[in-house]
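Participant: Can you keep this structure in mind? I'll have questions shortly.
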Amino acid sequence: MVFACHSKTVSPGAPSSSGRVALPAAAITTAGWAALVVLGPMAGIALTVWVAENRSGAPGGDALRLAADGWLLAHGVRLQTTTGPIGLVPLVLSALVVRQLYRAGRNSALATGAASWLAVVRVAIAVGIAYGFLGTVAALFGATSAVRADPASAGIVTGLVAALGAGWGAARTAGLGAVVAFRLPDVVRRGLTAGAVAAAAVLTAGVIAAGAQIVVTQKEFRELFASLGAGVVGGTAIVALCVLYAPTAAVWATAYLIGPGFAVGTGTAVDASTVQLAPLPSFPLLAAVPTGPASAMMSLALAAPLIAGLLAGAVTARPGGGEPDAQPELPRWRIALGGALIAGPVAGVLVGFAAAAARGPLGSGRLALLGPSPWHVGIVLAVEVAVAALVGATVARTMASWAAWSAGRRWTPEGEPTRSWTDRLPPGLRRLGNALLAGPAPAPRPERVAAPRTPPDAEPGAAATEPPRRANER
């Protein structure tokens with residue numbers, strides 16, 4: 001009997017295929033889990049409210065259908081109701097959805113061993129198809145006589161959102177994002193980083209402004225909440241809705257600080273200079289909408305976009321680049337100023353996307369338009385950040401150059417340290433300036449050590465001194 005042995009040549013760097021999962025199975029599993037993690041708690045909360053407040057005798061399936069419709073709304077799917085379309089997205093649920101889709105892409109990439117752009121695209125498409133199918137099923141299940149979503153549009157929208165989120169997670173897992181960032185020119189990297197910093201700073205200012213406005217108008221908030229008479233369970237549901245739409249209010253406040261403001265209905269406008277309002281819906285969170293021009297404290301907060309631009313300019317002028325072990329060097333002027341110009345459009349695009357996510361209808365007629373205009377917000381912020389970043393980069397680069405020049409003059413020819421003008425600043429301000437502008441401190445100059453002098457009696461021919469001996473050795 002003859003046994004034939006077949007050998008397969010394997011390249012030394014090729015990963016082993018053992019332990020990997022087929023892409024369709026991985027995509028279906030991760031997409032289903034991503035949907036279940038968000039939809040499951042929503043269904044549980046809806047059933048709890050139905051059990052506690054089932055006065056109309058509605059079937060429990062309506063509560064599950066309501067949860068499915070809310071899940072679709074979190075993806076940006078518009079719901080058609082008897083009073084008009086509903087498209088205002090609860091951004092808290094949207095953040096949870098994006099997080100789960102990111103993890104779905106990451107887990108699918110790990111399970112299939114995706115390590116190239118082609119493999120990442122395949123993972124994104126597979127997860128998008130599986131998730132889009134679940135979106136279509138949710139639209140069919142959640143359709144009622146009062147609320148429904150188009151199954152085709154629901155499948156397309158949820159599939160696109162899933163493909164983007166899963167592709168992001170797969171690319172990060174494969175390390176391809178770092179490869180792309182490494183290949184970008186220094187001026188582009190600095191501009192992207194500075195733009196992201198400026199966008200985060202402006203959105204943070206919007207969160208603070210929205211929170212401060214809610215605190216100021218807490219009396220109106222309580223009065224409006226009490227006028228609803230919703231009871232314990234209904235009041236809990238209203239508070240939950242306020243929490244879900246709190247990030248939306250923060251984005252509206254950000255648009256208010258940038259300048260264009262926002263609308264709370266057709267024919268309305270709310271900005272720092274003029275306020276044109278119509279009767280608002282009885283929703284407690286809307287009690288924080290300003291009813292007049294900006295106050296003195298809010299007027300100071302309007303400088304947030306300019307401060308964010310100055311911060312972006314300081315980021316573009318920071319020392320960096322070169323070898324990892326080498327001392328960071330100051331960027332050239334064209335790199336610092338070019339990064340400042342790039343930071344403006346980057347910040348405008350990021351905040352413009354946030355404004356688009358916080359905009360949508362809550363019915364027909366007067367409530368067909370709520371939220372800021374993403375185009376106006378993005379363009380105005382891009383100009384504000386770009387101009388302020390140019391100023392910030394110029395000042396930061398000049399101060400960093402002066403600090404680097406003065407660092408070389410800290411030592412006298414005799415080896416004594418000199419006292420520069422920065423040493424006269426308060427310690428906290430000096431440390432902040434060094435962290436933002438000057439980069440790492442220069443290494444201290446080594447001290448001069450004088451050569452030991454030979455004593456006169458220690459001549460080459462002199463006899464060595466006998467060391468002292470102990471008493472018991474004598």
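Just so it is clear, glycine is given a Cβ too, placed from its N, Cα and C backbone atoms.
Just so you know, TrEMBL annotations never went through curation; they're auto-generated.
Features from TrEMBL:
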- 424-440: compositional bias 'Low complexity' (COMPBIAS)
- 406-474: region 'Disordered' (REGION)
- 21-52: transmembrane segment (TRANSMEM)
- 82-102: transmembrane segment (TRANSMEM)
- 114-140: transmembrane segment (TRANSMEM)
- 152-171: transmembrane segment (TRANSMEM)
- 192-212: transmembrane segment (TRANSMEM)
- 224-246: transmembrane segment (TRANSMEM)
- 253-274: transmembrane segment (TRANSMEM)
- 294-315: transmembrane segment (TRANSMEM)
- 335-355: transmembrane segment (TRANSMEM)
- 375-396: transmembrane segment (TRANSMEM)
Participant: Hey, does the transmembrane segment (114-140) touch the transmembrane segment (253-274), meaning at least 3 C-beta pairs closer than 8 angstroms, sequence gap 6 or more?
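Facilitator: These two stretches do not touch.
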Participant: Of the listed stretches 82-102, 152-171, 192-212, 335-355, which one has the most C-beta pairs under 8 A with the transmembrane segment (21-52)?
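Facilitator: By the under-8 Å Cβ criterion, the transmembrane segment (21-52) pairs most with 82-102.
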Participant: Please give the sequence-distant neighbours of the transmembrane segment (192-212): residues at least 6 beyond its ends with Cβ less than 8 Å from one of its Cβ atoms.
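Facilitator: Distal contacts: 184, 246, 249-258, 288, 297-298, 301, 304-305, 307-309, 311-313, 315-316, 339-340, 342-347, 349-351, 354, 381, 385, 389.
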